[in-house]
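These notes are about the structure you will find just below.
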Amino acid sequence: MAANVSGAKSCPANFLAAADDKLSGFQGDFLWPILVVEFLVAVASNGLALYRFSIRKQRPWHPAVVFSVQLAVSDLLCALTLPPLAAYLYPPKHWRYGEAACRLERFLFTCNLLGSVIFITCISLNRYLGIVHPFFARSHLRPKHAWAVSAAGWVLAALLAMPTLSFSHLKRPQQGAGNCSVARPEACIKCLGTADHGLAAYRAYSLVLAGLGCGLPLLLTLAAYGALGRAVLRSPGMTVAEKLRVAALVASGVALYASSYVPYHIMRVLNVDARRRWSTRCPSFADIAQATAALELGPYVGYQVMRGLMPLAFCVHPLLYMAAVPSLGCCCRHCPGYRDSWNPEDAKSTGQALPLNATAAPKPSEPQSRELSQ
């Protein structure tokens with residue numbers, strides 16, 4: 001916290017230091033070790049997923065693999081931003097890498113977080129097309145289309161994350177503050193997401209990210225999986241066990257999304273609102289005790305909890321979206337549209353049972369189905 005957003009009076013430096021010291025305690029106590037563990041697991045799981053994709057003999061990759069690779073790359077890059085953040089949060093909270101690295105770390109995390117959401121949405125929509133509209137998918141969707149959509153997704157993520165380069169900055173200690181230590185946190189350099197005088201604009205930006213980077217993709221994912229679920233439930237050729245397996249796979253993906261990205265963005269906006277209210281009142285506080293007592297710890301602690309829990313999604317994505325296990329593809333071959341268009345040769349050529357096998361392009365010399373060849 002740096003200055004009063006009202007512009008009438010500045011917040012006393014000792015009030016700001018006391019507030020920062022109290023709030024930083026939550027990060028130093030639990031957040032940094034969680035980030036270290038998540039980094040190790042996310043790098044191992046997504047690195048393994050990328051390795052498995054790289055040794056696939058079948059080329060070109062069909063859209064399922066293209067989107068899954070983009071998701072693994074975005075998760076891996078996002079995980080690589082966690083070690084410098086953990087080192088920063090480790091007491092004493094001190095940024096040692098310069099202002100350019102501060103801005104870059106914030107940008108890369110936000111960009112790859114948005115990329116992760118975008119490619120999850122692409123996977124969901126591709127599953128929908130492959131199962132509910134298999135004729136269209138097999139006739140029109142090609143790997144080049146998936147690569148083009150992926151490129152557009154990366155550009156969109158970068159554009160949405162670009163403002164973080166402007167908002168992020170270093171807060172340097174006052175001259176003569178001494179050496180940074182646990183006993184002298186006011187002498188440490190802070191890497192901040194935004195200064196208090198920019199909180200109004202930062203709140204608007206956070207709302208845009210919550211809407212375009214979380215809400216809209218969630219609605220598209222829910223719509224795609226809802227239509228897919230209806231197709232599965234109406235399929236007379238599927239057993240109850242197969243339907244339950246599809247339902248579990250879909251529900252787990254939606255639950256992971258709703259329990260990680262959604263609360264993260266909500267708590268981020270609530271935390272910014274709490275910061276604005278405190279900064280506006282700061283010049284009127286009588287003493288340090290009143291200033292620290294006025295801190296709204298609920299939104300802040302909730303946001304820190306989600307900063308620790310949200311990266312767990314990067315660790316779980318390889319299991320949900322990239323693992324070569326029987327999933328929607330093998331179950332939904334009994335779906336009416338899928339059954340008419342599915343070709344056993346597609347399963348052999350893909351070498352995996354990802355739910356999007358139906359989107360693999362048929363060979364020009366082969367009929368799309370027995371019905372079409374008659």
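Backbone N, Cα and C define each Cβ position, glycine as well.
Per Swiss-Prot, N14 and P143 occupy opposite sides of the membrane [differing topological domain names]. Geometry remark: N179 (N-linked glycosylation site) versus C102 (disulfide bond), CA distance 20 Å. Note on the transmembrane segment (246-266): residues 117, 120, 124, 206, 209-210, 213-215, 218, 221-222, 225, 228-229, 232, 238, 302, 306-307, 309-310, 312-313, 316, 320-321, 327-328, 331-332, 355 of its chain, located 6 or more positions outside it, place their CB under 8 angstroms from a CB of the stretch. Among 30-50, 147-167, 207-227, 207-227 has the largest number of CB pairs under 8 A with the transmembrane segment (117-137). Mean model confidence for the topological domain 'Extracellular' (86-116) is a pLDDT of 95.
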